[in-house]
Amino acid sequence: MSSKVTGSITVTMEGSNKSTTLPLLGGTLGPQVADIRKLYGELGIFTYDPGYGATASCESTITYIDGDEGVLLYRGYPIEQLAEKSTFLEVAYLLLNGELPTKAQYAEFDTGVTRHTMLHEQLRRFFDGFRRDAHPMAVMCGVVGAMAAFYHDNLNINDPEQRRIAAFRLIAKVPTIAAWAYKYSIGQPFMYPRNDLGYAENFLYMLNAVPAEPWVNNPILSRAMDRILILHADHEQNASTSTVRLAGSTGANPFACIAAGIAALWGPAHGGANEAVLKMLAEIGKPENIPAFIREVKDKNSHTKLMGFGHRVYKNFDPRAKIMKETCHEVLAELGIKNEPLLDMAMEMERIALSDDYFISRKLYPNVDFYSGIILKAMGIPTQMFTVLFAVARTVGWVSQWKELIEDPSQRIGRPRQIYTGPAARDFVPMDRRG
Ligand code: CMC
């Protein structure tokens, strides 16, 4: 499905009689988009949009967000329905292929992913090169990028079958790398994947099991993990996905592109926020300190943000946060955790923030990361692994977006322009004549 011309917009340059008419494009859902591609050619002007708040960088059929209504659709299916009724691997198939799988298609996909969970034994040695106290996201950037060295020379990204295998490899191996990054940091033996377990179960197994004891799956935890993976699987053209697309637009190796996405995800404004929320709650310490913290957040000179709040697109509520909050209560109840001080603090913080004019006027609401950290902590996942988990889930979205990019005939290398504000052309001055 491609966008259609739905109208036009005329741009007139004040003070001159130059003008041009640009097509307006419409997709299936969402606002119309001015196609400015010929603006520079016709009027000699660029557009300026730092942070790309008003710029569509591509056409995509994968994910739709309505930020005012709090809607998130994967291939048209509401996130609430997928979180309740589907599984992460089924969602992965949907994101990659556009439709929900039949039984036979699912079985083939499941086998495809499962048969690629092991890492090349040589790749195991990469872990030894890191310090034990390295942040696991640093290890992820390095080891996922290093996969390019194993699958490069014989990888033709223009061959659909090779793209399919690269997708299997990434979706299957990233949890193994993630779990090993953690095991390395605590000095425990690496646990090899178990293909008799489901995707989320196997990930929890590789994270938590030790060779000395049998490992028992807790179905409540593996279901919660599966749901967390679904909620994070894709989110249209966010910073990390745009990074993957930009790297991919050059024809770069897909494993290297995903490593670039992992790097972009790491920052606290993006995927690093779930870890930052817990750090923030720990620093605040007790509910009595919340008002002082909120005052600090509102102080323009403090640079302190209420982590887990606000979103570039959601200006009403983040539908993922709603599901995450419910899941959080469910997980704590199932685990028999009655009083979780962090959850109490988070809820008090949410209550105070949502009744404060600073947050109301700026349309700042809890985002997916506000509650995810608390669930993950209750599940026994170490804090430094939170963003890694986000990366495991988002790998599916990144791979789907990379595949869509490569298959899009209108795609060109990503190359933004700029407003140059540096010095005008000037002559070089030899050092002995510089004042
Ligand atoms: N705490 C306090 N003030 C905030 C916050 C916050 N969390 N978020 C935005 N603001 C203020 C911001 O200072 C600005 O105020 P003013 O108009 O007075 O200058 C106003 O709200 C608009 O914010 P913005 O910075 O223009 O918004 P943005 O779209 O550029 O940034 C954001 C979006 C998510 C980076 C930002 O809200 C933020 O840093 N939030 C905290 C980090 C976080 O939770 N990130 C996870 C995002 S969801 C997971 C994901 O998809 O990665």
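Note: Cβ is positioned from N, Cα and C throughout, glycine not excepted.
According to TrEMBL, the protein carries these features:
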- HIS311: active site (ACT_SITE)
- ASP369: active site (ACT_SITE)
Remark   = Simplified DSSP label at ASP369 (active site) comes out helix
Ask   = Looking only at Cβ atoms, how many others are within 10 Å of the one on ASP369 (active site)?
value = 29
Note = Around the Cβ of HIS311 (active site), other Cβ atoms within 10 Å, all chains included, total 22
Message = What whole-number Å value do you get for the CA-CA distance of HIS311 (active site) and ASP369 (active site)?
response = 11
